[in-house]
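S.K.: My questions will all concern the structure given below.
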């Protein structure tokens, strides 16, 4: 028996609510897991994985879920209020990422190791730079009068698309980090696979949210 359009809509919304809640829990759980594993303060390097997971797993995920119709924790706020919270969370994520990048550079300098010698390092640098550009672009949406010649709808579309790319770059950096000697020496077996699933799950949820909010809607418009 075929489901009615209304029933399918309710099921789809319920699935998005569940997946959004899962993204909140996974983003927080992964960050706590990395913090416990790294024991921040035990060494200079120990702050790097903590700050990067805080930036690209927790803060950036929460910054994007702010706009989720089903799972936002700030649904009571106006669109403008959520946009400002989004920008603050993104800025905090950028600051954490910059600090994490700076500390690992200092750590490598102390050990006399080469910089950007791995795909993890290159992806991480690219993700941090992209996040910086994305935060700068967000200023144009907070204050659209700064860009009077650009239609606001197009600015939102470009910002959302670019933000999704930046988020996926951050997720890729985390995945590559879990292939590093430091991580694989401590985390093995099924726990490693569960850890790898964390950024994959949050990335899929964010991709679905952005695609439905901007990309798919724009594609079906005449």
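Every residue number used here counts from 1 along the chain in the order it is shown.
A Cβ is built for glycine as well, from the same backbone N, Cα and C atoms used for every other residue.
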S.K.: Under the annotation given by Swiss-Prot, are residue 214 and residue 43 positioned on the same side of the membrane?
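M.R.: No - Swiss-Prot names a different topological domain for residue 43 than for residue 214.
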S.K.: Return only the integer: C-alpha distance in Å from residue 159 (heme b 2 binding site) to residue 120 (heme b 1 binding site).
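M.R.: Distance (Cα to Cα, whole Å): 25 Å.
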S.K.: What are the DSSP helix, strand and coil residue counts for the topological domain 'Cytoplasmic' (68-85)?
M.R.: 7 helix, 0 strand, 11 coil
S.K.: To which of the binding-site residues 48, 86, 120, 159 does the lowest count of other Cβ atoms within 10 Å belong?
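M.R.: Candidates: the binding-site residues 48, 86, 120, 159. Fewest Cβ atoms within 10 Å: 159.
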S.K.: Taking DSSP as the reference, which of helix, strand or coil describes residue 120 (heme b 1 binding site)?
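M.R.: In the DSSP reduction, residue 120 (heme b 1 binding site) maps to helix.
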